[in-house]
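These notes concern the structure reproduced below.
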Amino acid sequence: MSGLLFVVSAASGTGKTSLVKALLERVTNLHVSVSHTTRGQRPGELDGVHYHFTTKENFLSQVEDNGFIEYAEVFGNYYGTSQATVKQQLAKGHDVLLEIDWQGAQQVRRIFPESKQIFILPPSQFDLRQRLSNRGTDAVDVIEHRLSCAVEDMQQYVNFDYIIINDDFNKALHDLESVITANRLMLAQQVQRHHKLIEQLITPNSE
């Protein structure tokens, strides 16, 4: 049985990470692939839990070996998703969720055209600016640069299968969970999960 591959993307500050974290607490048999990154480890982050932290040299070596399904350079740091890990999880029948940017989503689409891709949008640019400012970790010019990049990123919404507006967190979470549930109820998935039951039901005199 093969699992489903979901991709969740959004511009910086849209609330994607918080939504994914809450989703994992509500949905069973959904695994998030831990990305590899050359970014420095932040306080409270654990290697192998939040990211697989690595050097630029090691990262680029894995790129040459086709070790990543997708990778991208974001604000001077590299991020990538292990191809072997994702394929192993899917082969075991586990559903996998990738929390990556739109560039990575495009790369995933080329390898896994059947992947279900979800894009999160903020309710307004004003709201997005407030979220970026409330982080309290960046200078004003950095915030303006990130907002400009976010506007460009949001133009990629047309390349995704689902759009969720993160205006109300609980509603957005419900919408995200609904996408997972609806895809699990598709014919192909249900036949895989319940093939014995279905065979019994459609076989005459099989009570």
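Positions of Cβ are set from backbone N, Cα and C atoms, glycine also.
Taking Cβ-Cβ distances under 8 Å and a sequence gap of 6 or more within the same chain, the neighbours of Thr17 (ATP binding site) are Glu99. According to Swiss-Prot, the ATP binding site annotation covers Ala10, Ala11, Ser12, Gly13, Thr14, Gly15, Lys16, Thr17, on the basis of sequence analysis.
According to Swiss-Prot, the domain 'Guanylate kinase-like' annotation covers 3-181.
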Going by C-beta under 8 A and a gap of 6 or more residues, the same-chain neighbours of Lys16 (ATP binding site) are Val8, Ser9, Ala10, Glu99, Ile120, Asn166
Counting across all protein chains, other CB atoms within 10 angstroms of the CB of Gly13 (ATP binding site) number 20
Here the binding-site residues are Ser12, Thr14; the one whose Cβ sees the most other Cβ atoms within 10 Å is Thr14
Near ATP: residues not in Ala10, Ala11, Ser12, Gly13, Thr14, Gly15, Lys16, Thr17 with Cβ within 8 Å of the site Cβ centroid are Ile120, Pro122, Arg131, Ala150, Asn166
Cβ-Cβ distance under 8 Å, sequence separation of 6 or more, same chain as Ala11 (ATP binding site); the residues meeting this, in order, are Leu121, Pro122, Leu128, Cys149, Ala150, Val151, Asp153, Met154
Same chain, |i - j| six or more, Cβ under 8 Å of Gly15 (ATP binding site); the result in sequence order is Ile120, Pro122, Arg131, Asn166, Phe169, Ala172
